[in-house]
């Protein structure tokens, strides 16, 4: 786990998210051009679409990189994934003597716009942090019923809305919904007053499947990971979620980081699962460490103000791995498809400042946060920008995701038909 | 509401689901040919793909019918939908004197295989029958907590799994899952023992939307309807559904009828909503009757046995219309896309034989059904075939969906890794 050096100087910095060790995949455009596939390297993006079209990269069964989305490559399977990574590593390594042609395929990230890196087939959200489930359960159902009876046996999940998934940098508009005050008899329709984030890791299915898959097989199906902010309307959720689960509370937006960090890039950062409070059923047992040691944090920036880091946690706090979640997802015979996105669920840790949502950080609004500019926050206010950060830390380098950010815009005016 | 006569004799029968009044859309193939778009008419299918390709049908902005799926036409919007229906009505009407060319575009349904008629973007399932919600709530939570507090205010829904949707005639394999017996401390992993159907109507979004839509606007977005069987593993559901809703219990299969009956074909069969037990919030109020008067029934056929009709109900038993459900679905800003499928939820009625699931019909297994061959059933046994039927009834004609059927195959052998 040492830095692999590149001929692109900015990739050799200890501060960049994108050294040669990483090589994450995104989709970028420059003014006047269509979006195309690229790889982040230091401050630059390497245009792999052109590299493939010009024969600098050749992949069995390709071309795969000509459609402005990574889905064709994702569907090609692990052998092709490894081959592309190996070719990119060779092309961009410091010992490559023939870089003149390659120089022309570099675009500065500052000059590019980033787009959603893959087409989301379906989106599933899980509930894999024991601390998060305990915190939320305590607030919603009381301490004695905090952790549902099934939680220690099932990687609990529910289907989310793929059409809600947007790339980092997309503004989010405060939603409307049905709200019922605790002391009211009946609900009203109005703007959400408790809009929140959820700090998650998203796993992306590459290889499709039919039928039940083991944890190991499921792990091999995962192409890579993104940071994921599952924006959540807590007041809408509280009124709607019984008995069939969250619905409109989670459908406003789900922001993902612009770069897919491949499973291969994260292999050196595997971490073991925590001790099991109850033995897992055989089908869910792991053959090895399947979590990842990825530092995660949340920044909150009021409009015109400075950013405060309000939480720091780690992906190794998950109780169930993405591989276990995906295995469980297939038990019913559910077909999985290239581009399926699996959110980890909010990743909280045992300490107060390790909580991955404002609901937990402000304990339902009872204990507001104080930001660096002295503003107080229980939930997100109009104009606030919320940013997730994540990186696996090597010796003198980091394998990062880039920022996963979004700004909350005020609710739109309510149309007449909704009020009269 | 009288029969429109066609030059295709079988379409003029009072028994056919497919008179000229209907003109439902499907995708069919004959041996050696790729699947293509067709319209059911009597015992035949009219090959609209060839009709469009040869200029017998011309549509503004087309061609739309050349891809073996109805999505391109669905995305074209109501003006094009109405134009296609008008052209088909003219071509297939009894007073068309020039039918020689058209005869060559007819295929007998008996000679064709039917395929899924559209690509499902996302699948949402609702809970719109008050009798069903009351029955299930009584069994799961007791009579005093049967109807959740939000039920009379919100068209409750949850996201389902689009990859589970299959066309009528597809076999369904009994799923595995985590099961916990009421008297057991811990769950085990095994085949579902309480596999069930849900009799539903599926609404298909044609026109996409961004942002909140009124009930009227939502109604205009709906391209058509299918019968929908939301196969359900009740024992998996009972253990998994708290707190985030049904997940693997609903992911094995969702069968839809092969023919999309267009919203336009159903306009003469509009039915009013029931009296409201609690006034709806303004955004959910209807400007007119938005339900449909569609007779629905469920047939159960043991392997090698005769079919018994075990339930008869009507789509006018829904408390919320598909338009209200779709409107609610957009309140959070959720984007809707061409091909989104909205299940109504099980449509039960107030009488015992109007219940749209075996869970209700056998009251959780306490009151088994007796079929015509004297077999008893609480839930579905291996080899049983379950079939949904539906038709709106005119004077001497019916606008039907064709059968929505599936046979339950035994669970596959459990792999070693899942047991040890």
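Here the Cβ of each residue, glycine as well, is placed from N, Cα and C on the backbone.
A TrEMBL annotation is a machine prediction, not a hand-curated record.
In the record from TrEMBL, residues B:127, B:141, B:237, B:241 bind substrate; the candidate from B:2, B:16, B:346 listed for the same site is B:346. From the candidate list B:219, B:230, B:235, the residue TrEMBL records in the Mg(2+) site shared with B:250, B:254 is B:230. The record from TrEMBL ties B:198, B:200, B:230 to Ca(2+), and of the options B:100, B:111, B:125, B:131 it ties B:125 to that site too. Take the Cα of residue B:250 (Mg(2+) binding site) and measure to each of the recorded positions B:132, B:198, B:200, B:237: the nearest one is B:237.
The two recorded residues residue B:132 (active site, proton acceptor) and residue B:346 (substrate binding site) have their Cα atoms spaced 6 Å from each other.
Taking 8 Å as the upper bound (exclusive) on CB-CB distance to chain A, the binding-site residues B:127, B:198, B:200, B:230, B:241, B:346 give B:127, B:241 in sequence order.
A helical conformation is recorded for residue B:141 (substrate binding site) in the three-state DSSP classification. Every protein chain considered, the tally of other Cβ atoms within 10 Å of the Cβ of residue B:250 (Mg(2+) binding site) stands at 29. Secondary structure of the domain 'Fumarylacetoacetase N-terminal' (B:21-117), assigned with DSSP and counted as helix (H, G, I), strand (E, B) and coil, comes to 34 helix, 22 strand, 41 coil.
Close to residue B:254 (Mg(2+) binding site) in the fold, though at least 6 residues off in sequence, lie B:123, B:160, B:161, B:164, B:165, B:166, B:228, B:229, B:230, B:231, B:343, each with a CB less than 8 Å from its CB.
Ranking the binding-site residues B:141, B:237, B:346 by Cα distance from residue B:125 (Ca(2+) binding site) puts B:346 first.
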